[in-house]
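A short write-up of the structure that comes next.
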C-alpha cells in the first residue's frame, strides 16, 4: 500500500521499552496453529531499467538469508514500463526469467504482480519506472488517457479506466493492452507455471497496483491526512457519468460535485463531506454510487481476462487500507478512493462480491497498524485501522472470498508483528485465517541482526511453529528515518510529469 512519508514507519517514543515488555508478557502462543504462507516483496528495482537483475550477488545473498527464515517465497513486480518499453506488443522478459530461475534454484515460490502502474513517488519508492514511452507519447497527444482532477491536472501513474474499452492506445483498448501483456507473460513463463514455481498472479488494477482511484497523489501536493480529491474529470469518465445521469432522468446530475474541498481539506470544512453534508443527499448517493460502480466494473473486466489467461493458477488483487477519517460519518478519504463506505453503508461487500465471481483472493493492507498509535501521534486524522480491518475481513469472509494481507508500512517491531498475527489468526474464529501474508519489503534494514532475528521469530509463529529454540531478542525502540535523498530524486521528476 502507498502511504504518506509521515507514516513511513512506527514513531519512536521515549520509554518505549516498558511498552514492549508489556506486549511480550501478553503474547499469544501460536504453536500448533495453522501454517500461513509468507512471501517477501523483492526490491522495486530488483530488475533495473536495462532489464537486468540490479545486483545479482547481493540479491542471491539476501534470498539465501530469507530461505533460512523458512519463508515460503517472494513477490515480484513485473513492470509494464520495463517489459513493453520498446514499443506496442514488443515484450522483453529476459531479466525476469533470470530472476525466476534463481528463485526456483532456492526452491522458493513466486507471487507475481502484473504491474500496469508507474513505480515512483510513493512511500518506499526509491526507483522511478514510468509507463512505457509509447504510452506516454499517446498521453501527450491525448492526455485524457490519464486520471484527471477538477483542476485538469493529469496523473500519469496509470491509465484511467475510462479507456478500458476505447481503442486509443495505438489501436488497442486498455483491456486489450492488459490482455496481450498477460497472455505473453503466460506464454513466455510456461515452465515456471508447470513446475509450480509461480503459485499466484496478483493483477494490478490501479495506482500502486491497487483497485482504487489515485485520489491522494503526493506529486500534486497531497499531505496526510488530507481527504483527497475525486479523479473522474477525463473526458471518458465524464461522458460515462453524463450518460448514466441522463438515463436515470437526472440530466443535472451529470457532473461531479463542486463542494468537496481540495486534496488537503478536512471533511468537516467541506459542504459535501461534513456531517449531514451532500454526500448523503439524493445527488450525493447517485454520484458516489456511480463512482464506486465504475471502479468495481473496471476490476471485474480486468479480472475476467486474468482468470482466462491464467486458468488453473490462483488470482489475487489488492485493496488499499484507507484508514484515515474512518471515525467520521462520511469516511471522506475512502469515498474519494472509490470505496463507497460510510458509517451507515458497507462499501466493501460489493467489491467482495465481484472478487467472489472470479474466485480471486482479496489482498488487504494495513494489518499491522494500531489504532491507539494512530490516535496518539495523528489524532487529527480520526483514523481507525483496526476497525477498518475488522469490517473489511467480516465483509469479505461473509462473501465467501479468501483473504490475504500485507503490511502497509515498514515493520520490524514486535507490536506490529503481533498485530499481523492477531489479524491473520483470529482467536474468536479459528476457522477463518488469512490464506497468505506478504511482507513489505526486502531491504538492508530487514537484514540487520536484531531485525532479522525478530522477523525469523515472526515467520515461525505465522507458520504455527515453536520459537523456544530461537535466541531471545528484546525489542528495541526504532528511530524515524529521514526520507532518503534517492527518494527525493525520484519524486521531483514525477511532480513535473504531473503538470502535463
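Even glycines carry a Cβ here, placed using N, Cα and C.
Unlike curated entries, TrEMBL annotations are predicted automatically.
Features reported for this protein in TrEMBL:
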type	residues	note
BINDING	77, 117, 125, 318, 323, 365, 407, 408, 441	substrate binding site
ACT_SITE	210	active site, proton donor
ACT_SITE	406	active site, proton acceptor
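Structure coloured by features recorded in TrEMBL.
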residue: 77; record: substrate binding site; contacts (Cβ under 8 Å, 6+ apart): 41, 42, 44, 46, 113, 115, 119, 209
residue: 323; record: substrate binding site; contacts (Cβ under 8 Å, 6+ apart): 366, 369, 374, 383, 384, 385, 388
residue: 407; record: substrate binding site; contacts (Cβ under 8 Å, 6+ apart): 365, 366, 367, 368, 416, 420, 439, 440
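Recorded residues residue 406 (active site, proton acceptor) and residue 441 (substrate binding site) have their alpha carbons 10 Å apart, per Cα-Cα distance. The least crowded of the recorded positions 210, 406, 441, judged by other CB atoms within 10 A of its own CB, is 441. Here residue 210 (active site, proton donor) is positioned 17 angstrom away from residue 441 (substrate binding site), judged by their C-alpha atoms.
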